[in-house]
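Report on the following structure.
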């Protein structure tokens, strides 16, 4: 019995020595100066290098109890377990000679830590290194399906998985924000590069897209020659006019914007004097087969002398044209006076340069005096000339109050001068003069009818 006590005391003494020796292996760092920590895999050159096989490293229970077959990772734990079975147990004691520090190398030949100069100084560290880098990943996370080769890593991940995470568009999960930002920048750059390559490929495969975006402009049509256009339109109108039996050949002339002068009478004094054509307002025909009524030089501004009746018929015999290009009023009257004086016909139409192609006389077309009761015989044209020059006896001292020209003055009362038709036409263009013949000397019965 006392032997047992001595044995127990001896065992306790060995345990104390072992604990003290292990405590001396990790001395406290000096407070005065920090000791630089050795980099991983850079052990002390004097350390003992130990190479273990993969089976030994992966073994969970290296030390097994022979009574209950319970395994332990450390021999010290097994010795303490033996005390429960009342078996002899022995703890390592500190020897007098110094024990060298042990380092462990990785059993994988291709690993950098297989070199003794890069050996790891901890048995647990070398085990975890071998499992992480070269072992099988046995533990899997239930939330993110991530696998781990070390059980401790799996447990640490399971505690924080799903609590705070950053998910990229590509599906990768990150628990740290800095890692997520770095990955996101790389992922965005990669996506942009892929988009550019895809766009370039689509352009090569579909060249029609470029033609749709940049259509070829239509060629500008060549300018049309105005002279040829005039000739073509003139020939067309000539053909159209030739189809009508009443319309003689025409002379086409373009003129500036005309100004109309309308004289309204009660019975159509000059209605039917000219025949209207179906051409545009700038193109017209006359009753003469050789020359136009209003043919003049381009330097004279044209004017249209439109004398219309109260029934709405125009001077040219059509309501479709309200203005016809012609000479100015002053030039028209001067020409009429000159040609009327030199002509033997003595009519207004002959004075204006209109010569009928038929044998019908001027008296048959327009009655004597133009229906105004004026002497206009074939012997002389003094009556009409006087009317045109303003010296006719119509404006003489006759007892009538008829406002013949609609100018607000009494004609024939002798109170003021009158200039006749020359004053009327020479006064300007665009004037409508209403002449009322219902009473007095000039009755509507004296006005001749239009040509049948």
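Glycine is treated like the rest: Cβ placed from N, Cα and C.
Features of the protein shown, as given by Swiss-Prot:
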type	residues	note
COMPBIAS	1-32	compositional bias 'Polar residues'
REGION	1-47	region 'Disordered'
MOD_RES	53	phosphoserine
ZN_FING	63-85	zinc finger
ZN_FING	104-134	zinc finger
MOTIF	126-133	motif 'Nuclear localization signal'
ZN_FING	139-162	zinc finger
BINDING	141, 144, 157, 161	Zn(2+) 1 binding site
ZN_FING	166-189	zinc finger
BINDING	168, 170, 183, 187	Zn(2+) 2 binding site
REGION	176-188	region 'SHR-binding'
REGION	196-254	region 'Disordered'
COMPBIAS	231-245	compositional bias 'Polar residues'
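Neighbour density around each Cβ, counted as other Cβ atoms within 10 Å, peaks among the binding-site residues 161, 168, 170 at 161.
It is 42 Å from the Cα atom of the residue listed as 'phosphoserine' to that of residue 187 (Zn(2+) 2 binding site). For residue 157 (Zn(2+) 1 binding site) paired with residue 168 (Zn(2+) 2 binding site), the C-alpha to C-alpha distance reads 19 Å.
Neighbours of the Zn(2+) 1 site: apart from 141, 144, 157, 161, residues of the same chain with C-beta atoms within 8 angstroms of the site's C-beta centroid are 142, 143, 145, 146, 154, 158, 160, 162. Those same-chain residues not listed among 168, 170, 183, 187 yet with C-beta within 8 angstroms of the centroid of the Zn(2+) 2 site C-beta atoms are 169, 171, 172, 180, 184, 186.
The separation of residue 141 (Zn(2+) 1 binding site) from residue 183 (Zn(2+) 2 binding site), Cα to Cα, is 22 Å. Only residues 6 or more beyond the boundaries of the region 'SHR-binding' (176-188), in the same chain, are considered here, and those with a CB under 8 A from a CB of the stretch are 166, 168-170.
For residue 144 (Zn(2+) 1 binding site), the same-chain residues that are 6 or more apart in sequence and have a Cβ closer than 8 Å to its Cβ are 161, 162, 173. Residues belonging to the zinc finger (63-85) score a mean pLDDT of 89 in the model. Cβ environment of residue 141 (Zn(2+) 1 binding site): 147, 148, 154, 157, 158, 161 lie under 8 Å away, each six or more residues apart in the same chain.
Helix, strand and coil residue tallies for the zinc finger (63-85), in that order: 10 helix, 4 strand, 9 coil [DSSP].
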